[in-house]
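Structure first, commentary second.
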């Protein structure tokens, strides 16, 4: 008895139109990665478990998909371990490999393994799927693509500048005008921690501050007090509640707040250089915004922190993010390699483009030309014509059988074919072909010999 | 203590040059898939176990990578099963998903699940990795890409013709002139089985016959006798030993051999139509060869069987293969859908192109232009120039720090950069830039304002 097939929850089939749309985004990202000097690498879908486990915290370890050892996997489990019947004890005995959870740890592993072949600074990009055993929900999947560009081996702030330009270039070409690139620096956050005298409360502080626009100063302060931040600390940090103006102006306000914090002032100096250079070079359609509440990956980033939000009016979380990290490769024994990277959120960008109707119409088209099949002799002439069209890069095919005209035309309609070619008995006799433009219904006759005249119209 | 990192056996990291070379092959395959009217789909990396298991025989089941259930997987195993300590009994209790083993079964599952959205005939292509827990060896990996094009819902022989043309188009563009597309038909093999009166010995028969060129008629006959094929049967099949001439001529010889076999004659009629049509349309660089010993996937294919071998002189197994199958989707409950497909062997094609030196040199180049960094003011001018170059699709970057000239030039050399741009103090003053062509050492000066003059030379 045949099964009724299904796919695992959190995974997706992609139809031709969906693949075309995803590739449209990927190709634009890829193109800009490459003109910015990044080169592609690819790493295996699964890694040795010890490469991945312990790198993402306990929650991360839990969400990593583990691969069962092949063959008689249970025979290698000793009796003591087996009798415990504990998943945690059994796991390392029956599984040695795991699906990658992100592209960053495999990249660090790659850099360390191939350090002698690599010319630093190494600018790599990687666009591959990752897997997480997360609870599936809208926009969150168990298999999804990450699109990452990273530079390792350079602590120049030009990298920060270029990555901001890169975001701008990609989102401009995707016609996502009005995207906002939010910028912060880990050192600013450290400076604030010094100022408010409570490093361990910094996350609570930034989370509360982030709500300023929505709930107002009073409620933000209440939340801070609730979280245990002292009134004195809140008072000291009060300039943060009144930040206004563009990035340069905000920076000036930060300067007085963080005047006594060495690390804070270092962060300001970095931000200042980045913001000045970006201003000098100009952005095409995105705006750069200083956001002192931006704290993604707080324990991971050591310098710049980026996050991109879609144009206003689209309710979607961040569509990209990244930052500078020191010592990424340290976990695999290669010390003192500074890195910086950004990521594009393919699935979210897809949803935004869909919502805003920004996918080009041509992506819906399956083929350019369908030749109606009128029988053996006629279809041979069609096949010859189709061969010429294909040589010119035109997507063309002959309907495979001499089915009823209506059926063939319906197929052309369903597949959104813009041009239908007819070579019937009469056309064959006259060595010509008729092209029907499906959108208008217009028909035009060309000689088979001069098929180039039709190609020129495409 | 830091681990010394490694990757699982049978898997690979791909360096930038390797990715560029693989993408070169994939892009050419993809382009021709698309001009031939095939559309891309993608399916998840893992499927529900019941979708895959039992579809590839016992050996296949063994080679499928299974994914361990997430969380406390062992708590769901009942005590009776657990106390057996048998891998086979435990497996279905602790694993419900598996990595795909090929693209064909997921495609069949896709067609059945999406049958109401699909317009038949459905021409799909799919280029994705698959995983097999096979013993790794030269050219055989545990993770590798398959590149498949299939048509389902059409039994027209035009599909066979087009797939032969498609092979020819791809291998011609890859400059693999002299590839041979071998063609057979399952019905010819059934006919031979009838003629020799021993269906169950057909595989032994074809395997022995396949050695005719190498070991000669006498030894082939000896092997056949050894395998239990009777002298009478061998005598009846003797015309197969003397087959000569081109495909059309061999077909004429087969006609007399299989005159009494209805299925055999049906196979001849199919081959005849395919071969005549291909001849009429012409191939660019491949040759079509009838090969009655070709029997790949004997139990799977029901009509045409294809296999492609690399140009003579390259010792490599087949670089592509496929055929017609009936009822692929039957396993998932959709009956009577005829299909035909071909596959390209990416890894083997890669090795052949490498051996023959057929990868274009441009694939080794990382970026087109590197700007030497002479300090803050100069590099700002470089960044502006680089911005213009990038807008024109040129891969360009500024060295990230004002390191010693020698170090920057070494970086350019190692990364095989063809053009190095110099904007030093003097050039900045004169608003110009110097381009050094690395291959010749020649230097040319352009004005920054008329940077287009440099772009035009690229």
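FYI, residue positions are counted from 1 along the chain as it appears here.
Cβ atoms are placed via backbone N, Cα and C, with glycine included.
Straight from TrEMBL, the features:
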- A:102, A:103, A:104, A:132, A:146, A:150, A:296, A:300, A:301: L-histidine binding site (BINDING)
- A:1-400: domain 'Aminoacyl-transfer RNA synthetases class-II family profile' (DOMAIN)
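Here the features listed in TrEMBL are painted onto the structure.
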residue	record	contacts (Cβ under 8 Å, 6+ apart)
A:102	L-histidine binding site	A:56, A:130, A:146
A:104	L-histidine binding site	A:148, A:150, A:328, A:341
A:296	L-histidine binding site	A:305, A:307, A:318, A:321, A:323
A:301	L-histidine binding site	A:186, A:323, A:324, A:325
* Mean pLDDT over the domain 'Aminoacyl-transfer RNA synthetases class-II family profile' (A:1-400): what is the value? -> 93
* Asked: Within 10 angstroms of the C-beta of residue A:146 (L-histidine binding site), what count of other C-beta atoms is obtained when all protein chains are considered?
  -> 18
* Residues A:102, A:103, A:104, A:132, A:146, A:150, A:296, A:300, A:301 [recorded L-histidine binders]: greatest CA to CA distance in Å -> 22
